[in-house]
Amino acid sequence: MYYIELVWEYMKNYMKSRLTYRADFWVEVISDLMFQFTNLIFIFVVFRHTNSLGGWSESEIVFVYGYFMIPYGLFSCFVNLWGFSERYITKGEMDRIMTRPAHSLFQILLENLDPPALMGSLIGTIIMIVSGVQLGIHIEWWHIPALLIMVVSSVLIYTGIYTALTSISFYSDAPTGILPLMYNLQAYGRYPVTIYNRFIQILLTWIMPFAFVGVYPASLFLQREDMTRMALVTPLMGIAIFAVGLTCWNMGVRKYRGAGS
Amino acid sequence: MLAIDVQDLRKTFKVQKNRGGLKGAFLDLLSREYTEVAAVKDISFQIPRGEICGYIGENGAGKSTTIKMLTGILVPTSGHLKVNGYVPYKEREQFVKGIGVVFGQRSQLWWDIGVIESFHLLRKVYQVPEHDFKARLDELVERLGLQDLLSRPVRKLSLGQRMRCELVAALLHNPSILFLDEPTIGLDIVVKTEIRQFLKSLNEQFGTTILLTTHDLQDIEALCSRVIMLDDGNIIYDGSLDELKNRWSRGREVHFQFGSNHSLTRLMELTQGLPVEWTPENDLAAKVWIPLEINVSDVLGRIVGSTDITDIKIVETNTDDIVRQIYQSGSANERIEQEKASERLLHV
C-alpha cells in the first residue's frame, strides 16, 4: 500500500514538472510510436514476399507484436534504468537514495518514470484487438485475467533481466556496453522462436528469456497448441527471473562504494 | 544512552593499479592488479545523545567514508557499529527513518519541482502523519525564513537558500540524529551564522544529536562541544576544542613597530636568557615568538624602556593555525614529539 501510494505521488510530480514542457512530452510520445511503427512495417514488408513464417500467418505475427507492445510499454514507463550508472554511481546520487526509507531499486524506478511510454501499451492493445478480430478469435471471460497475468509476468521478466544487468554497475565504475546488445536481442522475442535455429531458441527461452515477452504468452490467446505449455510457464519464469534480478541488485548494493568524497 | 557507538571500524577499498602508457593500458585489459587502500583504519568512538560533535580532517582523511558508514550507505569492511540502536547497513530502511542527512555538495531535493512539493513527497516517503508534518514544516519554515521560497523550483534557488531548504528536508521526519557533511561549504558569512544558530537551537530544543564534518573551524567553535580529528584514517584527537588549543598552541607572537631603525642583535641582547625567537620584518618592524610558559609582559618590559616603539600587536595562535600545524606535521613521530613538547609546556 505504501509503495502504491508512492507510485501515485511520484507520478503526480512527474506530471507537474513535465507538463510544463508540453511539446517535449508529445515529441517523446510520437518518436516512441514511430519507432514501433517502423518495426511493424518491417513485418508487412516480409509478408509481401511470403504467406507464412515458420507456420505463422501475418495476422498472427502482428497479434504477437501487439501483445509485445503492452508489456514493453509498461516496462519502459516503470523500469527505466538507462542512465543508472552515470547518474547514480558516477555522480553519486545513490547516496541520497540510500538515506531514504524505501527499497533502493524501487526509489530509482520511481525517479525515472516515463509515462509517455504507456501510449505504446495502448496502441499495442488496439493492434491486438484488430488482428484478433481478423483472426476470428472469440473473446472469452478468462482472456482478460489471463492477459493481465501474462503481461505482468512479461514485465517481471524484462525487469529481472535489466535489473541484473544494471547491477554490474555496482562492481565496475565504467558503464557496461552490454545493454545495447540486450536491446537487439530482445527484438528477437517478438517473432515465433520456431523460425530460429536451435541455439537461438534455447537462448531466448532459458538464458535470456525474451521469448516470454512476446510469442509464448501471446500464443495462449492464438490457441496454438505447440506453445501452450510454454505460455503457462510464463508466470513462473516471471517470478524466477525477477527474483534473480532483485538478488543481484541487493548484492550489488552491498558492494556499492560511493563516488569519491 | 549512546547515539553512536563505533568500535574498530574499518573500511578498505580495492583500487585498481593502472600501468602507464599504451602498453600498460593493454596489459591492464588482460590482467589487473589491485591494491587495498584503507580509508578508515580501525577507529573507535562513542557519541552520547544530545551532543554536537565536529568531525574534522584533511581532504581524503576518511571523514566522508565514516559518515557514509554511519548512515548506512557503505558497508564496513570490519568492526562494530551501532547508530541509534541499529546496525545501519543491516536494517537500512528502518534505520534511516530516525536520522537526517545533509550532504553539502549534493542536493536531497528534486531539481525540477517546487520546494514545497519536494517536502510533500518526502512526507510520503518517510510516512510522516499530515498533522505532525504541518506543525513541523511551519516551525522550520518560520525559523529559517523560507516563506517566500516554498513555491520556487529548487534549480532557481541560490546556494544559501538551497542549503536552508536541505536542512528542512532532512528534519521533516524529526530525526534524533543529524549528519551534516560540510553543511556550510560555499556559503556566505550571514547564511553560515544563521545555519549555526539554527543548529544550536535545534540541539537545545529537541536534544538532536549532531555530527558534522567541516573545513570551517568557526563552525566547530560556534557549535561543537567536542572535536574528533582524523588523519589518514586514524583518529588523532578526540576531546574538547579548548583542550585541543591548549595542547597544540605553542605560544604567542608579538609584532613591534619601531619609530627608528632597530637592530636585531640589540633586541636579542635585551631578551637574553628568555627562550624567544626574533624575526625581522623590515627596518622598522620585527616580531617575536614567545612560548606559553613565558609571560608576554616579561618580554615587553625588557623591550619597551630601551627602544622607540610606536605600535605593539599581540597575536594569539588561532584554531586555523593550530589545525594547519597538525595537518602539516606529516609523520606520526613528529606529532609525538610535538605532543611531548606541548605536554612539557602544560606542566610548567
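Backbone N, Cα and C atoms are what each Cβ position is placed from, and that goes for glycine too.
All TrEMBL annotations are machine predictions without curation.
Taken from TrEMBL, the feature transmembrane segment covers A:25-47 (among others).
Summarising the annotation, TrEMBL assigns transmembrane segment to A:62-84 (among others). Cβ atoms under 8 Å from those of the transmembrane segment (A:62-84) belong to residues 32, 36, 39-40, 43, 56, 108-109, 112-132, 135, 150-151, 154-155, 158-159, 162-163, 166, 169, 179, 189-192, 213-215, 217-219, 221-222 of the same chain, restricted to positions at least 6 beyond its ends.
Sequence annotations record features per position, and here TrEMBL assigns transmembrane segment to A:117-137 (among others).
If you look up TrEMBL, you'll see A:143-165 (among others) marked as transmembrane segment.
For A:199-218 (among others), the entry in TrEMBL reads transmembrane segment.
Cβ atoms under 8 Å from those of the transmembrane segment (A:230-249) belong to residues 104-105, 149-150, 152-157, 159-164, 166-167, 205, 209, 211-212, 216-220 of the same chain, restricted to positions at least 6 beyond its ends. What TrEMBL records for A:230-249 (among others) is transmembrane segment.
Tertiary neighbourhood of the transmembrane segment (A:199-218): same-chain residues 63-65, 67-68, 71-72, 150-151, 153-154, 157-158, 161, 182, 185-186, 188-193, 227, 230-231, 233-234, 237-238, 241, selected by CB-CB distance under 8 Å and a gap of 6+ residues from either end. Sequence-distant contacts of the transmembrane segment (A:143-165) (same chain, at least 6 residues past either end, Cβ-Cβ under 8 Å): 67, 70-72, 74-75, 78-79, 81, 105, 176, 178-179, 182, 186, 208-210, 212-214, 217, 220-221, 231, 234-235, 237-246, 248-249.
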